[in-house]
Every structure is written in C-alpha cells, then in structure tokens.
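Taken from TrEMBL as is:
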- 1-30: region 'Disordered' (REGION)
- C180, A181, A182, P183, G184, S185, K186, D211, D238, D264: S-adenosyl-L-methionine binding site (BINDING)
- C317: active site, nucleophile (ACT_SITE)
- 675-729: region 'Disordered' (REGION)
- 696-706: compositional bias 'Acidic residues' (COMPBIAS)
Amino acid sequence: MGRKNRPRQRAQQNRDGRAEGKRSRDDAGWGAGYSEIIKENKLFEHYYTELKIVPEGEFEEFMQAMREPLPATMRITGYKSHAKEILHTLKEKYFKEVQDLEVDGQKIEAPQPLSWYPDELAWHTNLSRKILRKSPLLEKFHQFLVSETESGNISRQEAVSMIPPLLMKIEPQHKILDMCAAPGSKTAQLIEMLHSDMDIPFPEGFVIANDVDNKRCYLLVHQAKRLNSPCIMVVNHDASSIPRLYFDQDGKKDILFYDRILCDVPCSGDGTMRKNIDVWKKWTTSNSLQLHGLQIRIAVRGVEQLAVGGRMVYSTCSLNPIEDEAVIAALLEKSEGALELADASADLPGLKYMPGITSWKVMTKEGQWFSDWSEVLKSRHTQIRPTMFPPTDPEKLASMKLERCMRILPHHQNTGGFFVAVLVKKAPMPWNRRYPKGESPAEGNPSVPDTPDLLEVKKDDVCGQPICSVCSSPPPPKKMKLFGFKEDPFVFLTEDDPIFPPVQAFYDLSPDFPKLNVLTRTHEGKKRHLYMVSKELRNVLLNNSERMKVINTGVKIWSRNTDGEQFGCAFRLAQEGVYTLCPYIRARILNISVEDVKVLLTQENPFLSKLGDDAHNQAKKLGQCHSEDLNAPQCPIDLCGWRGKTSIRAFVPRNERLHYLRMVGVEVFCDKQGKRNDGSTEIPEGSAEGLSQEADLLEQEGEEMEQNGSESNANGPEPIGSTCDGSAS
C-alpha cells in the first residue's frame, strides 16, 4: 500500500543526522537537547492562575511538575493470551533485576503499576533512554521492550492517553468510530477491548479509525497491524464532515450508527508540556480560540452518528476550558436534552482528577479578559464566539452538570495534563428530527434509500455551527475528494472462486469457514495476498465503497508461494493471520514440544531429524496428532512453517521470534559490539540488536508524530520483519 522505498531512505537520513550531531533519540521527549528552551511562560502562568483550575495552594507544585520530564509508561496488550506470561516475565525478571541497581550514583526506581489501570497491565518508570543504555541489565530490558512493542504485545503510551478507551465500556459487539485516531495508541486499546474474548475469532463489532492527514494514516496502519485484527478499518476523512455510512440489515439498507465514539480532537496541547518542550515558547491563548470552532464541529458530527443509548468520549490533552468545558457546554445546549454528561467518577478507582469547572473567562493573546459575550467588541467577533463562554442561565448551567467532566493535573499522579468527558445520547439530535417534506426520519426510521445525507444541515459562515431549518433541502451530493496516495481496490472473493478448492483441500478447512469474508487488493492478475475481515466490516465495505477512502483493513491470512503449486496449493499461511485461521484449519497441523519450538526459532532450516521423535513423525506424515509438554507456557503458541524434503522452516517475523523464544525460556541478547549472550560475535537473523536499530527509528518517528501533531511518513511501513511470514505445510 503506497510506495515503500521512502521509509528506508528516511531511516538512513535519520542515521546520518545523528552522525552529524543532531538531536538523538536518547534526548527525545525528555527535555535534553532543548537546553535553549527555558521552561517558563509568564502568560501561561497568569492565565491559569486567573482561571483557578488548580486547587488553592497547589499552583507552584503544578508548575514544578510541568517542568519535570514525563515518566515513560507502557501497556501490556490485555486481550492476548500471552499477556499473563509477559506480565510475569516483567515482574519476576526485569523489574526485580533493576530494583536495587545504581547508575552513575543514581538509584534506579523499579517500575510501578498504574493504580487505576485494570489487572496491572499498565506501568510507569522514570528510566530515560540515556540511562537504559548505561547498564547491561537495563540494555536487556530496553531490547525486551523494543521487540515486544514491535510484536504488538507491549505499547508505549502516555498514561493519560489510556483513559478515554477505558471510559467507553466497550463490548465485543460494539460498532466503534475513532474520529481523530492517529498516531493510534488509543485505537490499539479499542481493538484490544473488542477482542476481550480470544475464543471469538470474529467479534460482531469493529473499529473504524479515521484521520484527516493521509500521511498519518499510515502510522495508524502500522500501529493497528501489530494486533492482527480482522475487525479494524483505517479511513482518511475530515472528522468534521466524515461521511454517513450505510449497511444491509434484514434485507434493507440502514444508516450505520455507532455504539461507541472516541472524539479525541485536535487541541493546543498545553497538557503535553512535559514531553513536548516546544509548547513552552509557542503557547498563547489564540491557539485555543482558533481551535474551538473545529472542536465543536467534530463533536457535533460525532454525536450525529452516535446511536441512541451510545456513549461518546470527548477528550483533549489541553487544560484550557475554551477547548474543554466550553465545547461540552455548547454541545449540551445544542442537543436540547438529547445528550447528557455521564458520571464516570467510579469507573476508574484510584484515578485522581479535578471535576469540571462551571465558571471561566476568555483572554486574548494580548492579555485582555472578557467575562461575558456582551463585553466583546464587534471587531473581535470573528475571533471570539458566544460558545466560548459558560451559559448565563444558572438553571441551564446547573442542569448540564459540567462538574462531571474530568481534568487530570500533572502533579496529582505524575502524568501529563488531560481532559475527558463522557456523553450519553438519550434521543436523536434536534436538527435530525426536522426533515424536508416528504422525507422519512433517518433515526426514527433508518431504512432509507441511498440518498444525499439527510443529516447534513446548513452551517453558520462564522462559527460553522449547524443552523436548523424545517424547510431547507439536503445539499446536493458532493464528489468525494481524494488526497494522498491512491490505494488499490478491495475486492471480495466469491464462494465459487477457483482459489478456494485447492486451499480447502490442502488445509481441510471446516465447512463454516467464512469464504465471503476473504478479499484481495487487485482486480487483475494473480492474487499475491489474501486478507480477511469480519462479517460486519465486509457489510460496511460493500455498501460504502464510493463514500469513503479506505487506507487499510483486515488481516493477511495467506500469501502466494509458487513452490507450493506442485503440491496442489499456491498459498501458504501468513503468521499475522494464523490466530484468525486456526479455528478453521483441520489438517497440516503439527503439535510440537517446547524444545522443538527452540529449534525452529533459532535455526534457519533445521533438518527434520533435529526435531523430537514425535514432531519428526508428525512432519513426515503431515497429519494431526497430539503431544503434551508440562514445561510449556500456559497459553497456546501457533507458528507458521514450511516443510521441505529434508528440513523444516518457521516463517515467523524476526521480532516475533524473539517474543516466542522468551515464552519458552530462551533470551537472545546482543551487546553494543554485536556479541551474543552466548559469547559468539555473529549476530543472528532476528537478533535484538538488528531489530533495535530499525525499530528505534520507527519508535522515534511515532513519538515525534504524537508530540508534534504531524507525520511525514506517507508510505505505510510494514512491521519490521513481517516479510518472513509463511505456512504450515
């Protein structure tokens, strides 16, 4: 998807840049390398002192925390069966090893779990990259984190960023929209929650992850592909006008309303000062004034597409009430009772936060304050809007319950700054209840023909807010504008496609295998890869191909292997799709021991005789049989391989090899000179050192993207080593 030559050029440029003395990754995000930036902004301090969002007597502590580096935080992928094994390894091996360690006279603090994150699956540590590379023990820990991150088993994510998905209360059947998804850390959480039951290969629900920036969409794809889900679709649209989608239900075409929506809008980002040092010198109140209208438009578009009874979580990494409570208040006022703020105070026990405020003022970048819209000069009406002020009616203000909003302050739990609010939809939005004559209600009776969007309404030329009109007609349909790289089409296979009979026979697929969910990316020529999506995503794709720009969807399950044609099947399994396919495959399965796993993952093409007797006999017969190993990990491990005449090879990506080796008790570690931990100097394919170099660059790019709100990698890099996928044969 897209051209793939630039990421490597980019990586080389990054390496060259570091050689020339540019800022290294050791310094990124920790404040070093920004010594010329003084962490002071008098306007910022004056503004938040006046607004009183910080409890009395805590402002100095608040400012001191803002100047401190942000702790690194990580999250273990909770839905995977390997989560408990990884958590056990972290706690019993790495965390214990660093507990009493000293580096340069500084005692290393052992990582601690986030008290409010369920099941100890999220941790924070004060270890910087510079410290990580100064001790062999810490270097091992760093390599472990890098390879497990690329395998999708661990995600490095800011602590406060983990909050919104937790408040959405996601269930496997939910249809979810992530409106402003890049760089994708929250999207990954949504996918995890959708797959909370690993025994269900195809949850009924799905995640549609959207971003307006075509280039950032590919970073989003990279994040999502680590989780190997058939229930994710990445699309590229302006969130404030994201198209309404349709799907078939009971033979009728219905409008798609989402059960859950994450509305993490673009913001001024003054809650990120601890990691994004540039904000100190760039911060001004005009940033919030300029973003306020866009934030409302995105939020309005979100609640329009939310199902009645659904939940939308609105969040920003800004502390400014103009971007926070003002947007929520405007949304509640426009809803005329259709929306209400949910009380989420008991949803995350242990999380410290401040309740939303009900009184605030507006300040210009010149420092002029306004307490009410009536005070604003007409010359400033294009800069300052009525929705930026709190409601003047005390009863209306009280009914909004703005105190149910949650503002996380950095000094309370050593985090970044953040704002989050949970909205529940009680009824259709008021302008959705007013229709041109002759039209049927979209939400009351959603079975409507594929006509122009009935919920599109006129907008105020200044603030862009909806103007409800009983007699206005829907606007004429606009041709969808496409920007960025042109993607190959998604083509679903038919049940009688000639590809299926040999594949069906070769792998003895069960009768309930969903053939209609298999797709490819080309109309012409031989099909190189086959992908699979869930039933509901197939429904959405088939009914909206002209309405949306899809960047990526599904999980790869088979890849063409011309050598296999002589055996009757031209397709081998892809490792990323093996867990999706396993429930349907009834042949060509070998059950092997832990020692056999070690052989397959440490030797390139081991002879069959290197396997244990049981696995050797199975490989020769290629039948399905069973063996047990009491020392095996307490979770299943599925690997793809290819059997030759005398040898067998595991087709597993390099980073995943390291993961599975750790699962069976083998630790591959390389020092800075490329020496393996067994004393040899050869760096094996798939070693942590080779992985670390390339993965570090991707990790650096991803963090810079999240901090700076931009992404220049337009070509959608595949996860490192993902070309080594293969099949059981």
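The backbone N, Cα and C atoms fix where each Cβ goes, and this holds for glycine too.
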Greatest C-beta neighbour count within 10 angstroms, which of the recorded positions C180, A182, C317: A182
Distant-in-sequence Cβ neighbours of D238 (S-adenosyl-L-methionine binding site), under 8 Å, six or more positions away: V212
Which same-chain residues, if any, lie at least 6 apart from K186 (S-adenosyl-L-methionine binding site) yet have Cβ under 8 Å of it: S161, M162, P164, P165, D178, L262, D264
Under 8 Å by Cβ from G184 (S-adenosyl-L-methionine binding site), counting only residues of that chain that are 6 or more apart: A209, L219, L220, H222, Q223, A224
Whole-number Å value for how far C180 (S-adenosyl-L-methionine binding site) lies from the residue listed as 'active site, nucleophile' (Cα to Cα): 13
